[in-house]
Amino acid sequence: MSGSEGGDTPATNLYQVLGVARDAPPTEIKRAYRTLALRYHPDKNPSAADQFKAINEAYEVLGDPKKRQVYDRYGEAGVNMLDSMAGPLLDPALGDQLCTIALGLTLVLGLVVIFLSFLSVRVDDKVQWQYIVVFIPLFVVDGLLLVVLTQHNLAQSQAEHTLNEDEEEALSSIPAEDRQREREAQLKRRKHMSFFNGILTLVYVLLFTLFQIFVALRLDHYVTWSAGLVFIPWFILEGLNLLRLGLEYAHSLAMVIPILEDEPISAKVYAYIHLTYSVFWFFVLRIVFAILLVLRIDESISCHWAIVFIPVYLVGFKYLVSLVYLRWRVSKYTQSGSGHTKEAMLFYVGLVVFVITGTLVYAFVGLLVKRLQVSTSVQVAILLVPVFIILGVLFCCSCCCLPCFAMGIQTNLSTGSDDMPRHQIPPNRLLTFTEPLPEPVEPLGGSTRSANSTTPIMVA
């Protein structure tokens, strides 16, 4: 229930415990807590233990800015849910954040649709625009991403970083004299890593923008570079990806080695192979696909275009194998009698997403291969139909579903799902009945209801 509503709402109870107004500043709340804590402390007032506990609980909520916002908006039930899985949904700023994300996604998806529309009419020779004009919507998207990432990096550089519960628990085993120094060192490393990731993402966008410019210049014949030169920004981007993946792999390896210290050689080999595969499989497929694409565009190889797209087929095959393995695990748990409804639900959701998305994506890939092999076989407008379907669904989700979801969360949490208007039912619209007797009784007049029933039901 919202704290702004009148009457004796849950948002006023804790304020009454501390004896402060709902709009009291944090300093006044802290001062009131100290005064009451001294007055009702069990050492001074043994009979006021319950009141002292209530004062501490009230200050624990009102003394924390985030908990206070949640309490003012959703009441005590919202505070109790903060540590649950639904806790992130209680953030008072969540609705605004989701609406901002929805607006950004809608704008980006709209620009991508415009770009693909321009591209289809240009490649099909419906218009004679230069490709640098066709790419303008993508350049706008790149500019928006650069602005957002720059603002995010500036905000992250000024934000205070904290350790999570596991890291704090690990620090508790360190001697007290070294604990603060180690905490500061970890926070410093986290800040540097956050800054590094932010700069790396910014460089990704810059390189991708440069790649788009090179492609547009090459298509407009302003330059006569080979595909290898045009793809240089892309390969630099993948080199940075390899650096990031290498750091991630080294960190994961450092965590796995102590765990596998007492394991047999076969288990160690399997763990290392699985870790290497899980980190690098997608990177390897991307690099192989880019190399095949460059060689085929430059006609250094003359194979069928379907062979060039083999890495793309392998991505779908990998996810199909993952679904089959998940299905095997679900059936194994079902046979053993241990219920794993979470994995079963994950399998069915993944299967539906894979079938729908895979059908559209690989329909597009098949049409693209046919177009590249025979340039007059398929019009680009038809070739892009699966892509437009996917983008259309995402566009509807971002501009309609996501804002409605955000508003629904805030409304339901503020008012409660059970706070629907309840109306008194007039007595003349009530009909009563009794539970059936243990032995069958012949109904009178064909009715199974008794005239002396006591349980009311509503007649619509």
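Using the three backbone atoms N, Cα and C, a Cβ is placed for every residue, glycine included.
According to TrEMBL:
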{"type": "DOMAIN", "residues": "13-75", "note": "domain 'J'"}
{"type": "TRANSMEM", "residues": "98-119", "note": "transmembrane segment"}
{"type": "TRANSMEM", "residues": "131-149", "note": "transmembrane segment"}
{"type": "TRANSMEM", "residues": "195-217", "note": "transmembrane segment"}
{"type": "TRANSMEM", "residues": "223-243", "note": "transmembrane segment"}
{"type": "TRANSMEM", "residues": "269-293", "note": "transmembrane segment"}
{"type": "TRANSMEM", "residues": "305-326", "note": "transmembrane segment"}
{"type": "TRANSMEM", "residues": "346-369", "note": "transmembrane segment"}
{"type": "TRANSMEM", "residues": "381-405", "note": "transmembrane segment"}
{"type": "REGION", "residues": "441-460", "note": "region 'Disordered'"}
{"type": "COMPBIAS", "residues": "447-460", "note": "compositional bias 'Polar residues'"}
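Same-chain residues lying 6 or more positions outside the transmembrane segment (305-326) and placing a CB less than 8 Å from one of its CB atoms are 281-282, 285-286, 288-289, 292-293, 296, 343, 346-347, 350-351, 354, 358, 361-362, 365, 368-369, 372-373. Sequence-distant contacts of the transmembrane segment (131-149) (same chain, six or more residues past either end, CB-CB distance under 8 Å): 104, 107-108, 111-112, 114-115, 118-119, 122, 198, 201-202, 205-206, 208-209, 212-213, 215-217, 219-220. Per-class residue totals from DSSP over the domain 'J' (13-75), listed helix then strand then coil: 47 helix, 0 strand, 16 coil. Restricting the average to the domain 'J' (13-75) gives a pLDDT of 82. Within its own chain, the transmembrane segment (223-243) is flanked in space by residues 200, 203-204, 207-208, 210-211, 214-215, 217, 283, 286-287, 290, 293-294, 297-298, which lie at least six positions past its ends and keep a Cβ under 8 Å from the stretch. Here the transmembrane segment (346-369) has long-range neighbours at 305-306, 309, 312-313, 316, 319-320, 322-323, 326-327, 330, 378, 382-384, 386-387, 389-390, meaning same-chain residues at least 6 beyond its ends whose C-beta is under 8 angstroms from one of its own.
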